[in-house]
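TrEMBL annotations:
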- H34: active site, proton donor (ACT_SITE)
- 27-34, 144-147, V173, 181-184: ATP binding site (BINDING)
- Q58: beta-alanine binding site (BINDING)
- Q58, Q150: (R)-pantoate binding site (BINDING)
Amino acid sequence: MELVVARNRAELVKARGEGPIALVPTMGALHEGHRALIREARALAARVVVSVFVNPLQFGPSEDLSRYPRTLEADLDACRAEGVAVVFTPAAEDMYAADRQVGVSAGHMGTIVEGTARPGHFDGVLTVVLKLFNLVQPDLACFGQKDAQQLAVIRRMVADLDLPIGIVGVPTVREPDGLAMSSRNRFLSAQDRERALALSRALSAGAVEATPSRVVAVAREVLGAAGLDPDYLTLVDPATFEAVPEAYKGEAVLAVAARVGRTRLIDNALIRL
Ligand code: AMP
């Protein structure tokens, strides 16, 4: 199948084709984590549409929008290799009218955990994801467990707004030493790359503990030993992202964000108590 590159909404509508369609939204700089999403999408649907769009709405004023990596030619090669039907790569001006007014609110879920550090971030994510759903009209869409709160708010949007789209969560793909793959890892110096390993180590160390307070305490110790002071380190309900009570039994997400050098990294582990 020849890859079609749609550079604006009109081209996308012409190119999207007939279902079943699986959508994989990305901001580009594709790595093995993205490719795992694309492979899952390919396994589930005849046509895969990948969006490559660095969404200005989900970046705060002091965040890294302008230095976010852009590697479109390599991204297109990766999509060709994975059998993608269409790559949708619009300009920001094509996606958003200068006088746009209306967006999606993530509600309370958008204001906690990652949302505390990044006000408006999840509103921006949901607004672009809903636009992509409307433009591509997919049957299903794949998202990474790497961004666990994003996955949770998207599931919530689909439930609350009755969107007829299946949401597929894909496990986090890691480097052999445990570092979660991220487009931002390229900004780490060799020394920071080493320190960044404390994130996945902290999650693994906490994950084997029996109570929420122990899980968090043990993980915090590992981060502290590496000199990392997390933005947050919390054990939450995977669906609501509210902190779980001490007596909690069942699945939980141990979520962490920390700045390593100039780069802010997030990671999480699904654990069972
Ligand atoms: P991004 O380009 O960072 O916006 O990510 C696009 C999609 O890829 C999101 O659904 C992410 O959760 C997912 N993703 C990013 N990194 C990974 C990873 N290491 N493993 C699995 N999925 C990932």
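Positions of Cβ are set from backbone N, Cα and C atoms, glycine also.
Cα separation, V173 (ATP binding site) to the residue listed as 'active site, proton donor', rounded: 9 Å. Cα separation, S183 (ATP binding site) to the residue listed as 'beta-alanine binding site', rounded: 16 Å.
Only V173, in sequence order, out of the binding-site residues L30, Q58, V173 have a CB under 6 Å from ligand 1. DSSP classifies V173 (ATP binding site) as coil under the three-state reduction.
Most buried of the binding-site residues M27, L30, judged by other Cβ atoms within 10 Å, is L30.
Checking Cα-Cα distances from Q58 (beta-alanine binding site) against the recorded positions (M27, L30, H34, Q145) with a 10 Å cut-off leaves nothing; none qualify. For the recorded site, M27 (ATP binding site), the DSSP three-state label reads coil. Within 10 Å of the C-beta of V173 (ATP binding site) we count 17 further C-beta atoms, all protein chains included. In the shown protein chains, 21 other C-beta atoms lie within 10 A of the C-beta of G33 (ATP binding site).
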